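Participant: Under the heading thiamine diphosphate binding site, Swiss-Prot lists E48, citing similarity to another entry as support. Annotated FAD binding site per Swiss-Prot: 262-285, 309-328, in sequence order, evidence recorded as similarity to another entry. The feature region 'Thiamine pyrophosphate binding' is assigned by Swiss-Prot to 394-474, with similarity to another entry given as support. What Swiss-Prot records for D445 is Mg(2+) binding site.
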Amino acid sequence: MTVGDHLVARMRAAGISVVCGLPTSRLDSLLVRLSRDAGFQIVLARHEGGAGYLADGFARASGKSAAVFVAGPGATNVISAVANASVNQVPMLILTGEVAVGEFGLHSQQDTSDDGLGLGATFRRFCRCSVSIESIANARSKIDSAFRALASIPRGPVHIALPRDLVDERLPAHQLGTAAAGLGGLRTLAPCGPDVADEVIGRLDRSRAPMLVLGNGCRLDGIGEQIVAFCEKAGLPFATTPNGRGIVAETHPLSLGVLGIFGDGRADEYLFDTPCDLLIAVGVSFGGLVTRSFSPRWRGLKADVVHVDPDPSAVGRFVATSLGITTSGRAFVNALNCGRPPRFCRRVGVRPPAPAALPGTPQARGESIHPLELMHELDRELAPNATICADVGTCISWTFRGIPVRRPGRFFATVDFSPMGCGIAGAIGVALARPEEHVICIAGDGAFLMHGTEISTAVAHGIRVTWAVLNDGQMSASAGPVSGRMDPSPVARIGANDLAAMARALGAEGIRVDTRCELRAGVQKALAATGPCVLDIAIDPEINKPDIGLGR
């Protein structure tokens, strides 16, 4: 068995089936192996960053890791995607091709080894594990340690640097007998015991106004339906953090929507004004998004806090916690469902969910289109199998406000690290993981200009994605903060760009909507497209400035 054979075996056992990136001679032997294995699909991206975001979207939608292959400068291009996966606890395998071991530190072209450019230090900062294979003697142990980290909790990216001359080298005979040890075994934390479940349910029974908040830390646990069933038994209102949106449906009678930035205020009102007397937080980091930039209101929080997170360092970091439970969201909800039933109580102060299309939708000037008009038109026309991916910028706020989550697991966004353009390629990864669903990505024109070339990837692989692009000719999130203090043109204006024409040039369908009277027909045509399609919507730049409620 060679090093390459062992690596492919570990990838297969870890459930990796999608490998994306750009071709590199440093990994040619490995790519040949993968191409000959029917269990792997190779996706040729147009940019290494796009490959990383595609793998990210696939993992979020499927719960399984994907692999990314890069080399040389491509390894620096993928860093933002790796950092994004790290912040959001998304499992991903990054394979970087290295020069031959004998060339380390000799100023060989594109030497990114620790003796060259030293990119390993950067990957170690963002990855759960980063290893560099430097000899046959330690190849197996280093590869195995990386895959153990890939399966560990909290989830996250791992990195393996593989010199091109070692891929085809045979492992020492004494290592072959242990090559299969531990393959595919996902290390999970032991479920919390009945004592913890009894304690939580006891506190719940004694509370008058409890609240459950679900964060991104439990997204990959797939507990949406289970936790809602428990909430129904107890009459327990629930919300998500901005980064956890999509775990549960927002149209449920017990839903309070989103707590913090981008929320409609119902969850914040219930927490602080009711006031809530028991806050159960699962997979929540209590960072700036959920606390509205660490609003002073949180210092006066009256609720008893139960914090569940597999990362012990997250418990009590900002919010005073009376009970910390270090376990996964899945283990926690399983323990609750195995415990004694909670006492049902109709809770106080729960306002009904906001309607999907708010009456009196604001209109832009003349025939210009307000972003909420687009959101409500999309929401009206979306099929039951639709999944929304929101990119970064003002578009994400309009998406939160205008399109409610109707089914769990049908909304994806990267709100925490927020790399612009991540949703463009991420939507392709989601569609690759869920071919039976219609994936719609909502993005701004600035982000689209960064990673819009990945449309070509969707065209090449026949992947159906619809991109709805808010085109206002500016970086709106940058223009808002400086307006009134300087001319925003130097830092925000990107000019008029025909993105529908760009889509057609890349082989996709492109639809341009300039006026309100064209909006409904344009949306209907875009959603009816059977392949990759870009809906390019002209948005009034003076209107595209949502209030996200920082510090309230």
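Each Cβ is built from the backbone N, Cα and C atoms, and glycine gets one as well.
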Participant: Hey, how far is D268 (FAD binding site) from E48 (thiamine diphosphate binding site), Cα to Cα, in Å?
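Facilitator: Approximately 39 Å lies between the Cα of D268 (FAD binding site) and that of E48 (thiamine diphosphate binding site).
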Participant: From the Cα of E48 (thiamine diphosphate binding site) across to the Cα of D309 (FAD binding site), what is the distance in angstrom?
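Facilitator: Rounded to a whole number, the Cα-Cα distance is 32 Å.
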Participant: Could you check the binding-site residues I280, V315 and say which one's CB has the most other CB atoms within 10 Å?
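Facilitator: When each Cβ's neighbours within 10 Å are tallied, I280 leads.
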Participant: I'd like the per-state residue tally for the region 'Thiamine pyrophosphate binding' (394-474) from DSSP, helix first, then strand, then coil.
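Facilitator: Per DSSP, the residues of the region 'Thiamine pyrophosphate binding' (394-474) fall into 38 helix, 18 strand, 25 coil.
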Participant: Taking just the CA atoms, what is the gap between T274 (FAD binding site) and the residue listed as 'Mg(2+) binding site' in Å?
Facilitator: 41
Participant: Between F262 (FAD binding site) and the residue listed as 'Mg(2+) binding site', how far is it from one CA atom to the other, in Å?
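Facilitator: Distance between the two Cα atoms comes out at 20 Å.
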Participant: When a 10 Å sphere is centred on the Cβ of F262 (FAD binding site), how many other Cβ atoms does it contain?
Facilitator: 24
Participant: Tell me the Cα distance separating the residue listed as 'thiamine diphosphate binding site' from T327 (FAD binding site), rounded to the nearest angstrom.
Facilitator: 34
Participant: Please identify which of T274, T327 has the densest Cβ environment, defined as other Cβ atoms within 10 Å, among these binding-site residues.
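Facilitator: Neighbour-count leader: T327.
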Participant: Same chain only, sequence gap of 6 or more: which residues have a CB within under 8 Å of the CB of T321 (FAD binding site)?
Facilitator: V305, V306, H307, V315
Participant: Over all shown protein chains, what is the count of other CB atoms within 10 A of the CB belonging to D268 (FAD binding site)?
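Facilitator: Total other Cβ atoms inside 10 Å, all chains included: 23.
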Participant: If you count Cβ atoms within 10 Å of the Cβ of D445 (Mg(2+) binding site), leaving out that atom itself, what do you get?
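Facilitator: So the number of other Cβ atoms within 10 Å of D445 (Mg(2+) binding site) is 26.
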Participant: Far apart in sequence but close in space: which same-chain residues, 6 or more away, have a Cβ under 8 Å from E48 (thiamine diphosphate binding site)?
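Facilitator: Listed in sequence order: G21, L22, V68, V70, G74, A75, N77, V78, A81.
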